[in-house]
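J.: Pasting a structure below so you can have a look.
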């Protein structure tokens, strides 16, 4: 599918972005492992989260929905999953594959898990390694680094794991496996990553301790089903925040967005570049939530981004790079080599996409160098099958002279179904 975009005269109005993808995944998983019913409201009905539902149905869990973005999960308890009669297909979802591996590691049965061609190229050894050290038997291509993966779960032992990468998916997989041990499993990270798993484990009844970069979970808890209200996804909101910060005449409010401190790096960086972004109506639900107002405030300034903030905005780098292309001066993004093993090589994909628009951009081994302030020109660009590249290109198209066509834009439905309709709703008009 092609997405056609023209230069915008402003984004105005009040809208809600879809439910958070990370939280939607985790709510289904913990609901399946809990006793009783879990009701998930504002669930993200994107392809990735639907893959998680499909996998747990194959593991014997009764799941109804999504119906009006509500999902009901009838939990089976920690020991209630069934051996799947078919391969578990996680589609394009790295979150589904990595987190469900932690669950499968503790099951007394055999399973095989795979994904689409993109996911089968992404590294899984960072997860299978610690799970094997806990006692799981996992095999696959490149000694268990690439899917398809065959898992023979069973009795696991707790470990103290020091993660070599700043990855919430790795942390979460090990913590989920820790639920099936007799003891305490701990994960230590160099940089803090998103903490949705820890928060949700606590909410469902697990014993979780957090201290100085280490998260520990006590095994064999009794998890109890509950209601989960999923906030709007800050990663989806990021594209609208960038667009409204850059397009003169914009005044946009996004309601009910999750503002977990481990996820709002994009707001911090855009604000430091000069964007006018205000959080209001702050409230604490399952997660911190706020309404966000962003208004055009003149040209942004370049900046340097790296270190501990990178895990807090890793998914937003494509959107941030578009802001950098229109900012005054130079923006350097470092310590983001993890982008090379996302749905695409996002460093190369972002650099190539921005270059097509005429931006001055250079790939770095672990990030990007963007020399801003050049006017962008509409172009035809590829999504590379990556939802975040497609949306970043669409935002660039809103700022470029002439027409822009984003090829392969159907991938946007992975995380932001209805993206183009929402854009049309808040667009003042097209040039």
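Residue 1 is the first one shown; counting continues down the chain.
Glycine residues also receive a Cβ, built from the backbone N, Cα and C atoms like all the rest.
Pasting the feature list from Swiss-Prot:
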| type | residues | note |
| --- | --- | --- |
| BINDING | 21, 22, 26, 167, 169, 315, 342 | 3-phosphoshikimate binding site |
| BINDING | 21, 94, 122, 169, 346, 388 | phosphoenolpyruvate binding site |
| ACT_SITE | 315 | active site, proton acceptor |
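How buried are these features, and what lies next to them?
T.: Around the Cβ of residue 315 (3-phosphoshikimate binding site), the number of neighbouring Cβ atoms within 10 Å comes to 25.
Residue 388 (phosphoenolpyruvate binding site) falls within a helix when secondary structure is assigned with DSSP. In the structure as shown, the Cβ atom of residue 388 (phosphoenolpyruvate binding site) sits within 10 Å of 30 other Cβ atoms.
According to its DSSP assignment, residue 315 (3-phosphoshikimate binding site) is helical.
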J.: About how far apart, in whole Å, are the alpha carbons (Cα) of residue 122 (phosphoenolpyruvate binding site) and residue 167 (3-phosphoshikimate binding site)?
T.: 14
J.: Can you tell me the CA-to-CA distance separating residue 21 (3-phosphoshikimate binding site) and residue 94 (phosphoenolpyruvate binding site), as a whole number of Å?
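T.: Here the two Cα atoms are 12 Å apart.
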J.: Return the single residue from the binding-site residues list (21, 26, 342, 346) that has the minimum number of other CB atoms within 10 Å.
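T.: It is 342 that, of the binding-site residues 21, 26, 342, 346, has the fewest other Cβ atoms within 10 Å.
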J.: Going by DSSP, is residue 26 (3-phosphoshikimate binding site) part of a helix, a strand, or coil?
T.: helix
J.: Rounded to the nearest angstrom, how far is the Cα of residue 388 (phosphoenolpyruvate binding site) from the Cα of residue 315 (3-phosphoshikimate binding site)?
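T.: Pair distance, Cα basis, whole Å: 8 Å.
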J.: So if I draw a 10 Å sphere around the Cβ of residue 167 (3-phosphoshikimate binding site), how many other Cβ atoms end up inside it?
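T.: Neighbour count, Cβ to Cβ under the 10 Å cut-off: 21.
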J.: For the binding-site residues 22, 169, work out the Cβ neighbour count at 10 Å and name the residue with the minimum.
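T.: Selected from the binding-site residues 22, 169 on minimum Cβ neighbours within 10 Å: 169.
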